[in-house]
Amino acid sequence: MIAIIDYGMGNVGSIKNMIAKIGFDAIITNDPELISKATKLILPGVGSFDSGMTNLKELGLIDILNKKVVQEKTPLLGICLGMHLLTNSSEEGRLKGLGFINAKTVKFKLSNKFKIPHMGWNYVKFSIKNKLSDNLIENSRFYFVHSYYVICEDKKNILMTTEYENEFTSAVSKDNIYGVQFHPEKSHKFGMKLMENFIKQA
């Protein structure tokens, strides 16, 4: 069972629709009991770091996420804010993140030539190849909307990078844990292939 975690921070319906187009069923839930039965977890999100962590805590989801992801090694895909919440902390807020990836979330500091947020289509380069990036071509294009990005303490966790004045990490990977800065559900064939990889192989 694929569980899309609904904690009030994103358009979960569009992710469910993409998964259906690939040929799989997913549930949208914030019920810890249903999440405990899932074989794949997706943590989407748009909004602020502290609001995301607060909502997860108030819904009683942090303990079940720790059990599923850390103890049971259930594959997890964090999307946009969901990727940020996998880290230890964010410049955007004061609360601690889930800490699944040894990393921090920081705000873009760019020249006037580059607008914040980084919005629109951009290319990714693969730092490593693994199950999530399988059969994706070099310089695949994805859709981004973000003002913050992730800095990994361990460079081995960097899966993809993207150029926006400077190079930044656009996807992370550690064992059963994956995070993408872009929105697969808005990225057409590239997003569908990545989501299919996560569901079938990760």
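The backbone N, Cα and C atoms fix where each Cβ goes, and this holds for glycine too.
Residues or ranges marked as domain 'Glutamine amidotransferase type-1' by Swiss-Prot: 1-202.
Taken from Swiss-Prot, the feature active site, nucleophile applies to Cys80, supported by similarity to another entry. In the three-state DSSP assignment, the secondary structure recorded for Cys80 (active site, nucleophile) is coil. Its Cβ placed at the centre, Cys80 (active site, nucleophile) has 24 other Cβ atoms within 10 Å.
Feature annotation from Swiss-Prot assigns active site to His183 (among others). Every protein chain shown contributes to the tally, and the Cβ of His183 (active site) ends up with 22 other Cβ atoms within 10 Å.
Residues or ranges marked as active site in Swiss-Prot: Glu185 (among others). Less than 8 angstroms from the CB of Glu185 (active site) sit Asn11, Ser14, Ile15, Asn17, Met18, Ile79, Gly191, Met195, each of them six or more residues away in the same chain. A helical conformation is recorded for Glu185 (active site) in the three-state DSSP classification.
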